[in-house]
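*Asks:* Handing you a structure now.
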Amino acid sequence: MVTMSSPTDSSPSNSFSDFNREEQSRLSDEVRQLKRTNSDLGARNAKLAEMLKSSRDKLSVLFSQLEDMAQPPSVYGTFLETAKDGSNAEIFAGGRRMRVAVSPMLCAADLMPGVQVRLGEGNQVLEACDFEQTGELATLMEMIGRDRALVSDRSGEERVVKLAGPLMDRTAKLPRPGDTLLVDRKAGYAFEAIAKTEISRLALEEAPDVSYQDIGGLDDQIELIQDAVELPFLHPEMYRAYNLHPPKGVLLYGPPGCGKTLIAKAVANSLANRIGETGTSYFINVKGPELLNKYVGETERQIRVIFERARELAGDGRPVIIFFDEMESIFRTRGSGVSSDMETTVVPQLLAELDGVEDLSNVIVVGATNREELIDPAILRPGRLDIKIRINRPNKQGAHDIFTRYINDSIPLAEPAEDLIDRAVDHLYTPRPYVRLTLIDGSVETLNYHDFVSGAMIANIVDRAKKSAIKAHIDGTGVGLTAEQLIQAIDDENQQSEDLPNTSNPDEWSRITGRQGKQVTHAEVVI
């Protein structure tokens, strides 16, 4: 007989098991949820801690900036020297000299004479900065030992200053007289030598590129100046053997535009080429009017600087040419001044340089002027400007020679160069009255256009003709320079010259032509 169990016998235990499982599942879910929540809260906490740290750092920076802003401004001064006690420093700040303490954190090697230093609240040197880069300019007159210099400002006031660190560098070359220095007058220091010296503003120390072949119609004058200038430098042993001293100076004079400056440049170029590998020649080209200065004694000082520089360059046997252009502008006859007597001190300064106590070997002075009568006679005497070479206006053959320098096969020509030159010279020297001069004895002399020909005028004529040839080439009416264009250029040059001369001073006419003779009392332009 089979016994059947009642459903009520297992129902309570099953229900409890199901409940238990459900409860465990619920609790597991809660645990997992709590773990996730805990992880999120931990991440948030870490992020908040990081943000808090960043905020504290920023706050610290802001507090530091506020403290810096509350600090008094730094004062800067110029370091002069280390005090005798070895721990303090002598500085110049605020217009007064002070002895202050030096921060122990500062390297003593950084404190060089003349350097800018930053001071703290207690006037303690905290930092060494750079050297002053702005200030006043002064000209070095002469060195006083190794660390001091005598300088002069634009007003001519002289003072002694010390040299700052860069100028005291043993590996650097000391500044020389004539150099322009950057100075602080109050601190009494010179910080830097400006590269452009006073000499370089007035002179050109390299040889020009003009040769004797570029000069036409002056063969005799070129030979004279070669004998006077080049021979002593090229054959010094011969001069010593004959106990002959080279000339100290040469004067080139004559009408304007006839090649005086060109000859001086060609001499310097020839010396440079002939010396070549054995050395270098120097050409100091001094423009007379640039030496003039309104301050008393400034012109004389500049002349001294020029000759000091020349002696320095010539110290090792190299030839140096000092070329004074427009010489009459600064070396006029003493006592001839109208509003001033500047020449009474300028002329003696040049005389002292030419034949003074200091030796002037390997240096030769070449002067150029078209008003030689204005130059002081003491300069022109033998022993100073020994050689005097007159540069006359070119004659017909000389003009032909000058034309060949400008008209040759290197430019487009419509006719042979020789034919063009012959026709141009013939037309240029055809007698055509220009001005009638009445002399003091009553005689009358008529000057023609060709009496005023110069090398500069011929160069201008050729330039005019070349411009006409270019215009004809552009228009398609012709190619190359023609004789008609040269003749037209000569006529245009003569026509434009008619109204230019000043006839109010008749005596100037004889000087313009380069003639010496009787005094002119009246001049009349022939129309």
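Positions of Cβ are set from backbone N, Cα and C atoms, glycine also.
Because the structure is a prediction, the values reported are computed rather than measured.
Marked as region 'Disordered' by Swiss-Prot: 1-38, 492-515. Annotation source Swiss-Prot lists compositional bias 'Low complexity' at 1-18. Per Swiss-Prot, the feature compositional bias 'Basic and acidic residues' maps to 19-33. For 21-53, the entry in Swiss-Prot reads coiled coil, with the evidence type sequence analysis. Residues annotated as ATP binding site in Swiss-Prot, with sequence analysis given as evidence: Gly257, Cys258, Gly259, Lys260, Thr261, Leu262. Per Swiss-Prot, the feature compositional bias 'Polar residues' maps to 497-507.
How about a rundown of where these features are and what they're close to?
*Replies:* For the coiled coil (21-53), the model's pLDDT averages out at 85.
In three-state terms derived from DSSP, Lys260 (ATP binding site) belongs to a helical segment.
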*Asks:* These are the binding-site residues: Cys258, Leu262. Which one scores highest on other Cβ atoms within 10 Å?
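*Replies:* Most Cβ neighbours within 10 Å: Cys258.
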